Amino acid sequence: MRLKAALPKLELYLYAAVLYLSLLWAGTWIWDASADNVNRKVFKKSVKPGWHYFGRKMDVADFEWVMWFTTFRNHILFALAGHVIFAKVCSLISPRIGMDDWYCKHRSLIYGLYGGLAVLVSMGGGFLVLVLSHCFILYSVALVKRKWIVFVVGLASLATFKMEPFNTWQEGFVTGYFDLQDILFYGGSCFTILRCMSFALENCEKKDGNYTFTDLLKYNFYLPFFYFGPIQTFDQYHVQANNPNLTRKQREMWNITTRALLHLGAILVVDVFFHYLYILTIPNDMKLVKQLSDWSLAGLAYSNLVYDWVKAAVMFGVINTVARLDHLDPPQPPKCITMLYVFAETHFDRGINDWLCKYVYDYIGGSHTNIFKELVATICTFVVTTLWLGPCELVYIWSFFNCFGLNLELWVDKIFSIPPFSNIEYAIGEAMSRRIRAVFGALNFWTIILYNILALNSLEFAKLVGKRLIVQGFPLSTLSVLFVTYCGVQLVKERERKQALLDDPEPAAVPPAPQDMPEEVGKKKAE
C-alpha cells in the first residue's frame, strides 16, 4: 500500500527542480576546485596529461579504471574477444562435422577448456596447479555433504590468500613478473574459492549422487568470470551452460547490442568527467579538502559513490555482454547509489551479494522474522565479507558500521509495523506516510554514503565530511543537504511506485450495478 502512494505532480516537479539545480551547483564548486588547484603537488601524482588539443589533464587516481580502459585495455579485450571468437568458430564448425547436438550439450566443456588454456598462457603452469589444488580440496570436502565443513575449509582456503605468510608462499607459484600479475593472481584465486564453495554447497543439496569434478572445472574456468567476476552461483551456471536450447528470444541480440553501446557511452562520459572534475584526486589532498565549502564536500562524497557504481556497472557490464552472447543470464549490475536509501539493498557487486544472501544471510536468517537470528545472520554475513575484502582496520570499521546500520534499519522497521505506530501511520494517510518515510530515507542515504566512503577514500576524509555536514554545518548546511536528499528520495520512491503499478496493476474499479429508474419502480408497485 505504501509503495503505491502517490503525491501531487506539482510537488514532484518542485523536488526535481531542487535536486537538479543543487547537483549542478555542487558540480560547479568541484569544477572550480579542480581547475584552480591543478598544479598542486598532490595533484601532480595522479593528474596526468590527457586531451592535448584541449589542454586538459586527466584524473588517473583509480588504478582499476586505468587498468581496464587505458593501460591494459587491449590485453583484456583480446582475451574476451578470443573467447567469443573461439565459441563462435566451434558453433559454426560443429554442424558441418555432425556434432551440432554434442556441442549444444557440452559447450560448457568448450568454454572451460579455452578458459583453462588462457589461464595457463597468462599466469603459467604453477598458478594453474595452485588453482587446481584448491579445486580438488574443496571438491573432496563437497563429497562429505556437510555444509559446516564446506564453510570451515572454504573460508580457511580464502584466508590463505588474505593473510601472511600463506599468501606470499602461494604467490611464489607464479614465475616472472608483469604489471597485471597481482590483480590476476588474487582475482583468479579468490573468485575460485567462492565458486568452489558454491559448487560444494550445491552438492550438499543434491540428493541423488554427486556432481563431478569435471562439472566444477567447467564452472570455475569459464574465462569471462574467472579473474574479475561476477560470481554466478553453481546451480544457475550449471543449468544455463548445459541448456541444449540455444534459440534466442525475440530482440535479444538487439538488447545485447544496446547494452554494449550503453556501456561504451558510459566509458566516454566518465572519460570526459575525469578531464574536468578531479573527484578522485581531491580527497587525497586533505589541506585542500579542508578549504572547500560544505556543498563541495557533500557533492564530492556523493560523486565518489556514484563513480564507484558506474565503474562496477561498466566493468561487469562488459563481462556480462560476453556471457549473454554465450546464452547465459549473468548477475544484474549493481543498483545505482542514487536509488539506495535502505541498507538492505546496498551493494556494489550483485554477484557477491547474491552469493552471501543465498549461502549465509538467508540460510541463517530463515524467514527473517526472528530478531536474534537476523542479528546472527547479518554478523556472519559481514564476517565473511570482511574476509573477502581483506582484514584490516578500515575494513573492520566499514563492516561494523554497515552491519549496525542494517540491523538498526530492520529493528526500526519492525517496531513501526506494530501498534500503536502502525495505527498512527494508517491514520495520517498514505501520502503523509510516504513523506515521513522519505525523511528517514534521506538520513539513511547519507549514513550509507559516510559509511562507504570509508572504503573508497579514507577514514580521515570520511570523518571530515561527517564533521562538516553534521556538527560544524548545523543547522544551515545540514538541513539544506538533507532537504535536497529528501527530494531525491521522493523521486526514487515515485519511480518505484510506477514500477510497482506496472508489476502489480491496481484492479479496475467495478461500476455499480444499475438501479431501477423511479418510473419503473412505480409501475412495479402498481402491478
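Backbone N, Cα and C atoms are what each Cβ position is placed from, and that goes for glycine too.
Per TrEMBL, transmembrane segment is recorded for 12-31 (among others).
The annotation transmembrane segment is assigned in TrEMBL to 76-97 (among others).
The transmembrane segment annotation in TrEMBL covers 109-142 (among others).
Annotation comment: TrEMBL describes 260-279 (among others) as transmembrane segment. Non-local neighbours of the transmembrane segment (260-279) in the same chain are 27, 30-31, 33-34, 38, 43, 47, 50-51, 54, 56-61, 65, 69, 300, 303-304, 307, 310-311, 313-314, 317-318, 321; each lies 6+ residues outside the stretch with a CB under 8 Å from one of its CB atoms.
Non-local neighbours of the transmembrane segment (299-319) in the same chain are 23, 26-27, 29-30, 62, 64-65, 68, 80, 224-225, 228-230, 259, 262-263, 266-267, 270, 277, 279-280, 282-283, 289, 292, 330-331, 333-334, 336-338, 348-351, 449-450, 452-453, 456-457, 465; each lies 6+ residues outside the stretch with a CB under 8 Å from one of its CB atoms. Sequence annotations record features per position, and here TrEMBL assigns transmembrane segment to 299-319 (among others).
Residues or ranges marked as transmembrane segment in TrEMBL: 438-457 (among others). Counting only same-chain residues 6+ beyond the ends of the transmembrane segment (438-457), those with a CB under 8 A from a CB of the stretch are 283-284, 301-302, 304-305, 308, 337, 340-343, 346, 389, 394-395, 397-398, 401-402, 405, 409, 412, 465-466, 469, 481-483, 485-486, 488-490, 493.
Per TrEMBL, transmembrane segment is recorded for 469-489 (among others).
What TrEMBL records for 500-527 is region 'Disordered'.
Among the stretches 76-97, 109-142, 469-489, the one making the largest number of Cβ pairs under 8 Å with the transmembrane segment (12-31) is 469-489. Under 8 Å from some Cβ of the transmembrane segment (469-489) lie the Cβ atoms of residues 14-16, 18-19, 22, 294-295, 297-298, 338, 341, 438-439, 441-443, 445-446, all in the same chain and six or more residues away from its ends.
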